[in-house]
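First comes the structure, then the notes that go with it.
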């Protein structure tokens, strides 16, 4: 078989009939499948052993040859080759068709490739293929011209004969009439009788004339049709066609069905057609030119690829291997079969019937009908339901055709090639494992035994517990005691991978060291929950076992949980204390007064009566006092410390040369805070203060920036232990009695009720309208809610557990306390409008029926939104991954001098608005500048270089830039990166997940997609209803989708295309806005601007107001409220402008939700959206005008053309939505597995596309190592050379007496804990 590692490209093309016959092992002639009595495949049927191979290994069909020794022999009795039955998965057959049929993909696809090639409308094509019309395939122009006069004379003669016949008939009838009238006259009949006879005769004579006229017209039509007859002309009238055939068959050929199409294709001159189309494109205009362009695309594709267009019409069709369309016996003797077998049977039945009819010489009309049915059955086999009603099976279910097997989530691509079920895996419910270290997980014994079964069995045999593998297997199945000891050894230092679905970002799969636990639930470390988004309300997780040494090494070094503390999206630590741990540490670091519990033994200065109280010579002494109950945990004390580094101020004051370990200093603190600082590294400056969630987070952020990962991992583990310990001892619980209700609440509400009644009265008297009443009531009750809420907040004492949980940042917010104890306030209905009756009760008091009903609107909408959001967010992630999956770091530095200018600092102004000389950080520097390399020197105002070109901007450099007052810097950006496919390490900058320069091979595209998609679920499905402001303002997830799909926004705002002064004219419902450009060029006029949408606002001196007459606007500025159209921004501001616009707009949505994502992730996606350009003038290059090409390819082709003295290509920048950009990717495998599978494959086959296998998806599909991470070529084929020490150690056993071997301080050596990445030389 073909090995995937030995090819670098995969091409798809059109198969000709000869190809299909070459693939085939024999013709399938019968529609039978298997014999119902013997259950053996029928000969020449769809499961025939002679064609597809034996059903049993090394055994022919009749049983004459059995066993492997007859390998390769073909049995002379039954004709079956003796081989493995696996060949039934790869051997193909074919069906020889009695009449050619067209391939439905090329005829029915949009656009119709057959139609474009032959210049026929799809409707006409359908009529021809399905035998509803005839088409002329060739005309003997010369013969017709030579014989035209003779033929015309014959035709005139025939017409004359018709006229003579008509005249003779008329004369006869006239004579008969005369005789009849004479007879009547003789009989003395009345006038009425005569009139009747006269009328009857007139009528008959009129019919005679009309019949003759029709005949003459018919002859004229036949003649005119014949004279103008041209190839590809369609004749719908069958009678005329038959007449033409009878009279002039020597001068033309024609036909109907796929046969006629085949004849046309065979006589089609591709080169001549391409030349004539190019001429039309050169000289033509309008629709004609457009159609020529579209046709040229198809014609040029066939010319360029060397595909034979005749492949679009099939003379024989392939039959896929039987194991891919199996038939299985069910209980009760019935069979379940793949739909394909039914579809193949229909084709074979109709084909055999057609053969029989042709042999019998059946009438043409019957044969044509049978051919049409054959065409329809082949269509159904290839793509059921594409044309007409689908073929259905039992229960009216449409049968799954070959196309359906590839399409969609259940298709071959997404179900079996991109995602496979894997062995060595298991799943179970998760529970918390607070005793675990960060790099450990608890694995249930039974699950571990099943996962590690082969390893355990091997060891049982090695250790002579079992004689052979079979008995070892039996021991494992019976769970003998010795099995557990061996299992312990097998799992030691063998990491497992845990995964929780949905895996929204790369931290959804992490590696852990397994620890065997009783029970059947997997134990998860509490700090790993954030990354997995796991909780313990019944969540399940899957376990996977890395088998090979390489896989284990990757799991340990790259995926171990303790190496993945930072978020790849923002670079912030994810393994933070949460919930109980926060409460515990908050409680530990509180400060209490001496009279409160926990504040006893506080510091008191010396008096005349005695020495100072609460002064301790060491931490040990303070702990002793605490143990005796003399000292409270939160009491302020003075304690002498020598093992912890002092705060920065104390260090500067007492130790100007720097503090050394062992030097003592006096801390004014509490015992709890000293214990907290003991958890941090000893040389980290002492942290003083109450540690709520935010201060804890900033400490861990700081640690992550300054210390190796291993130290951070150990520290957060200690924080976790201490957090749980003190949370338990704090005794924080919530009861109904802790919820305090405002005593004077009723009075307050009565007061607001009176105000509400006043508003209602005003409305009744007509003083205010409905909208004003609504707004007044909303404002009034919001004020009431805030007042009650604030009063409730002030009512709670500090030691009440409810505000304690909120203030510590463990859970909830003050708003929820208002709801619990104050009043719920205003709620919205399903349309998002406020209900003007507020909910006045709190949950503690209980809601009335009406209030409960009003409240349920919003709750239901919330639930519906959440469900929709999850699906939408998942689909967004999928599209983002698809568009960016081939963006991989390909080289260290692309050498570009370009970059993006980003703000760093803004000057601080005094009260009068004058600069003070100080600077503060610009907004969002952490997500824009941090972690990037400079593209040019960053210099202070006096010219000194603060950070040199090519240096990275880290936290220290950022601080230096701020102090020097550097307002903006030019940084390297992926959007200006010159690497052809992918990006370079320098333009990307630091990896957010490691804090170091990104490594070559990192799949930054997928990381970017995950970073944007993962918080997608948190974004709301928000559409704001701001009464009458140009409809709705889209926000949240829909806005992000709108931006990435480059859609025109609903409330679109025009943008200024020049700098200039604004003039506003006010019409009834619209504004007319004129800009007088600064450069004196013609005025730019914007007409019919909606008043409802409202003019955009200008921010001047901290005040926002709408644009006014005479204001100055800058190019690209919005003129109305709403959102700008990205396509317009591209036109006005160019590529750089639209890039910045998209990044800012996406960030705006995420920042609203408090989600931090680094700009570089969004830049990668935007870069992919702007990759393509449209060719306007192809110059001397191969490109077709109007085609979309890669920007890099266009630049390269232009350079090449100019070098050889030609003209460069002229292009226009395009912005494509992510879906369109994914489908326009170079890789057809990736595009086909994304969406519109059949369309992509049709196009790829016609163009004979080659897939260079650059991205990740295409390599996953064919089963190759992905070209990213450790799979890139420079890391392949690395073998480990053991050192002499390692060789020696391999043959010596460690002594089991040495205590140090198992001691805890050998962290990272034998404990299976994380080893800092810096210590391992990966190269």
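Quick reminder: no glycine exception, Cβ is built from N, Cα and C everywhere.
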Site-mate of 977, 984, 987 for Zn(2+) 2 in Swiss-Prot, selected among 529, 894: 894
Cα-to-Cα gap, residue 535 (Mg(2+) binding site) vs residue 62 (Zn(2+) 1 binding site), nearest whole Å: 61
Residue, out of the binding-site residues 75, 987, whose Cβ gathers the largest set of other Cβ atoms within 10 Å: 987
Packing count at residue 537 (Mg(2+) binding site) (other Cβ atoms within 10 Å of its Cβ): 6
Nearest recorded site to residue 539 (Mg(2+) binding site) by CA-CA distance, among binding-site residues 75, 78, 894, 977, 984: 984
Spatial neighbour of residue 537 (Mg(2+) binding site) that is closest, considering only the binding-site residues 62, 977, 984 and their CA atoms: 984
For residue 62 (Zn(2+) 1 binding site), the one of 894, 977, 984, 987 that lies nearest, given that the binding-site residues are compared by Cα: 984
Cβ-Cβ neighbours of residue 539 (Mg(2+) binding site) (radius 10 Å): 17
Candidate with sparsest Cβ neighbourhood (10 Å radius) among 62, 78, 977, 984, the listed binding-site residues: 62
Residue 984 (Zn(2+) 2 binding site) in three-state DSSP notation: strand
Other C-beta atoms that fall within 10 angstroms of the C-beta of residue 535 (Mg(2+) binding site): 11
